[in-house]
Every structure is written in structure tokens, then in C-alpha cells.
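Okay, so here's the structure we're looking at.
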Amino acid sequence: MKDMQKPERSKSLFRFAAPQMFYPLAGRIAPWFAGIAAILAAVGLWLGFFVAPTDAIQGDVYRVIYIHVAAAWMSMFVYMIMAFWSFVGLVMNTRLSFIMSQALAPTGAMFCFVALWTGALWGKPTWGAYWVWDARLTSQLLLLFLYLGFMALTRAIEDPRRADKAGAIIALVGAVNVPIIYFSVKWWNTLHQGASVSLDKAPSMATTMLTGMLVMALAAWAYTIAVALWRVRSLILERERHTEWVAAELNALEGKI
Amino acid sequence: MSRALGPFAAVLGRDLLLAWRGRADVLVTLAFFVVVVCLFPFGVGAEPNQLRAIAPGVLWVAALLSTLLSLHRLFAQDHADGTLEQLLLTPEPTVLWVVAKICAHWIATGLPLVIVAPGLALLFDVEQGALGVLVLSLALGTPILALLGAVGAALTLGLRGGGMLLALLVLPLFVPVLIFGAGAVDAYLSGSGAQAHLLLLGGGLLGSLALAPLACAAALRIAVE
């Protein structure tokens, strides 16, 4: 933050590791991904709600799958990406990597919550209960707690450098623990409950159903990228508010309004 | 060998001495454990079969909570009086004395729980043969809690509302230990044998002994920086 001299214009992609360079790039890319997300979500939901056939056993209730599965996948991917950027940040000591992992966390937590919420709504008519202590549900819940812990820790530390590194460490510790938690919960579950809810046997799926799900998953990807980039932009402005380029940027914005 | 053990033994001895001088704190942790365990029959009713069924889980959850309550003391005092910075400035490897501190902490707060637990188990009418498994599972599991918790304690060092934050950070990580710890006793009682659970706990102990001090040392450096 202290060195104010202009970064040299290198041709390498690494120049975008400087927040000052990344800020305009993110601003240019994000609307595209937001547009892609909107189109894909519209297509996916149309496929899911109008084109895909009604399930023989579950009826129309199963259609929550188009939101549920995409959210559940995304919540796990986002944690992995978060841990990846945390690792990169700790190794290369790049501020932008930490900012990236912190920008991803709220979206990941949101998807985690959406997956749990839609799962509960799906569970009531099909299993007769909003919640069962199934391995997947339980590990998803614990994943939500890991997200909340990460966000709470990075918010609680005032010094951004310490917040960055502390958050990165807890993200990595969490990433190491996620598979352990998953398998322990799975084993605990099989020990405690007999054959209760079998999610493993996927019924043969119609092609339109699968397409709808995949389109929704891609929409979730595009949404995450767009939102994370916008959040990165806000975080960069907040962190670099003492620098000249942010002052110039804000002045330009004010001029537009 | 002795060169490596020197600082280890010094820090271990110092922390144990401090724990002994402030033994009221240690006893409070133990009393908390006993009180929490004794609260459960009031909540769920004193029906012997039910108590027998929940005993391993209750003892383990109580052990987990009392570990959590004592965790903030692990580095807080040394952080406040500057000892931590001095230790970080020494040429000795950080991991070495971090392990020594965690060891001392476990001996002061974890070991008493392990010793008291079978007595409390009798209040829940647990079969006597299972007491050995309970003690063994706690002896293997509580050091894991201390090791994982030390990472959280180092990360939340000196923060406002650190205690609550610490709970949020480490409790999800404690879940596998809870599952295998309480599961060991359940498995013994159901006749399938506790060996698998105890082996997994032992593996978890070795794994966390190898990795957690590294993360803890890094977290301490960040906290003091």
C-alpha cells in the first residue's frame, strides 16, 4: 500500500496480480458473466420447469433439483477455490489472492444455505421430514459452519494483513478437514441408522433433466464469477482507499453521476 | 537430541509450573466438565436405559466443551506479557515449543478429564467393561482437540469476542473426533469392538500432531507480527 509508483507495464498475465491493474479488468469482465448467468439460468429453469418430464415416483416435487444440485455443487467448489487462493496468497504473498478468497466466501455460504434450504423443502414431501441426519446433509451443514467461521474471523481482525493470513490458514485447515469430516459423518451415519435414505442410487435420468441440471450448474458458475469479481472491486477500493489511483477513480465516478 | 529436547523440556516445565501455581483455573475447567455432565439427567430424565444410551455422547460433548473453554488460556497470558514475542524471537524452532505448550496444556486440562470420566460414567450406569474403552478414547481424542484448538486459539489471539469466534472456528473441526470418540464406546457396547474407532483416533492424533503445530506456529507469527 505504501509504494505509490506506477507499476511497470509488463506483458505477463501476472501484472493483473496488482489490485490497481485487476480493478478495471474485473469491472470489464463481470457484466459479461452476469449476462451469461442470467441467460443460462433462464434457459435452465425453462428446461427444468416446463420441458423436463414429471418424475414417475416423486411427481413435480423433484423439480427443486435444478436449484438444489447446482447450489450444492457450487458450495463445495467455491470452498476449494477459496482454499486454493488462500494457498496461493500464503505462498506468493499476493494481496489480490487473499481478496479473492474473501470475495468468494459469502457466495459459497449463500449457496450452502440455498442447498440446505431447498433440501429441507424437498425432504418434507419425499422423506416426510425437513431434516434427516444423512451424511450429505450433515457435512453440508458443517461446511456452512466452516464458511461462517472463515467470514467471522476475517471480519473480526481489524488489521487487513493479519486478517488475510489468518483467514487463509483457517481456510486451509478447513480444506484439509472437509474430506475427514465427510467420511467420518458418512461412517457415523451408516453405524447409527440402518437403511434410511439412499441418495447414492441415482435413478436413471431423462436427458432433458440432466441438461437442465448442467445448464443450471453453469449458471451458478457464471453467477459466482460475476459476483466475486464485483465484490473484489469493492474490497480493492476499500483496501486501497489511501492511494492516488483510487482517489482518481472515485473522482471520475462522481463526475459521471 | 538433547539440544532439541532442551527448549521443549524448558517450556513444558514452565507451563506445567504455571498451571500448578494457578490450579484454581484448572479445577474450574474440571468442575465445568462434571457439572455439564450432571445436568443431562435433569434435561432428559433419569430413565436408566436412556442414560446408558446417551452416556458416551454426553461425556464426549462435555469434554469437548470444557476443552473449548480452556483453550483461550493457551496463549493469552504469554501474549499479554510479551513472553510469546520473546519465544518467537529465540532461534529455537517455533514448532518445538508450540508442541511443548500444547502438551502442558493437555496435561493440565485434558488429563484430569480423562481421569474423572470413568467415575462420571458410573453415574450413567455404563457397563464397567466399557470404562476402559472410554478412558482410552478420551486419552487419544482430547490431545487432538487440544492440537486443533491451539490453531484456533492462535488465530483468535487478542481479538475482541475471541472466545465465541474460537468456538465457531474449531467446533466443526472437532466433529470427527466426537464421532469416533463416542463411537468407540458405542461400538464396544454393541459388541462390534472398538478397535477400528480407536485406531482411527490414534491415526488422527498422529496426523494432527504432525500438521497442527505447523499451522499453529504460522498463526502465532501472524498474530504477533
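The backbone N, Cα and C atoms fix where each Cβ goes, and this holds for glycine too.
The domain 'Cytochrome c assembly protein' feature in TrEMBL is assigned to A:21-192.
Taken from TrEMBL, the feature transmembrane segment applies to A:29-52 (among others).
Residues or ranges marked as transmembrane segment in TrEMBL: A:64-91 (among others).
Annotation comment: TrEMBL describes A:103-123 (among others) as transmembrane segment.
The feature transmembrane segment is assigned by TrEMBL to A:135-154 (among others). Same-chain residues lying 6+ beyond the ends of the transmembrane segment (A:135-154) with a Cβ under 8 Å from its Cβ atoms: 72, 75-76, 79, 82, 102, 105-106, 108-109, 112-113, 115-116, 119, 163-164, 166-167, 170-171, 174, 177-178, 181-182, 185-186, 188-190, 199.
Positions annotated as transmembrane segment by TrEMBL: A:166-185 (among others).
Residues of the same chain lying 6 or more positions beyond the ends of the transmembrane segment (A:205-230) and with a Cβ under 8 Å from any Cβ of it are 26-27, 29-34, 36-37, 40-41, 43-45, 47-48, 51-53, 65-67, 69-71, 73-74, 77-78, 100, 103-104, 107, 111. The feature transmembrane segment is assigned by TrEMBL to A:205-230 (among others).
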Taking the transmembrane segment (A:166-185) as reference, which of A:29-52, A:64-91, A:103-123 has the most Cβ pairs under 8 angstroms?
A:64-91
Is the transmembrane segment (A:29-52) packed against any residues at least 6 beyond its ends, judged by a Cβ distance under 8 Å, and which are they?
63, 65-66, 70, 206, 208-209, 211-213, 215-216, 218-220, 222-223, 225-226, 229-230, 233
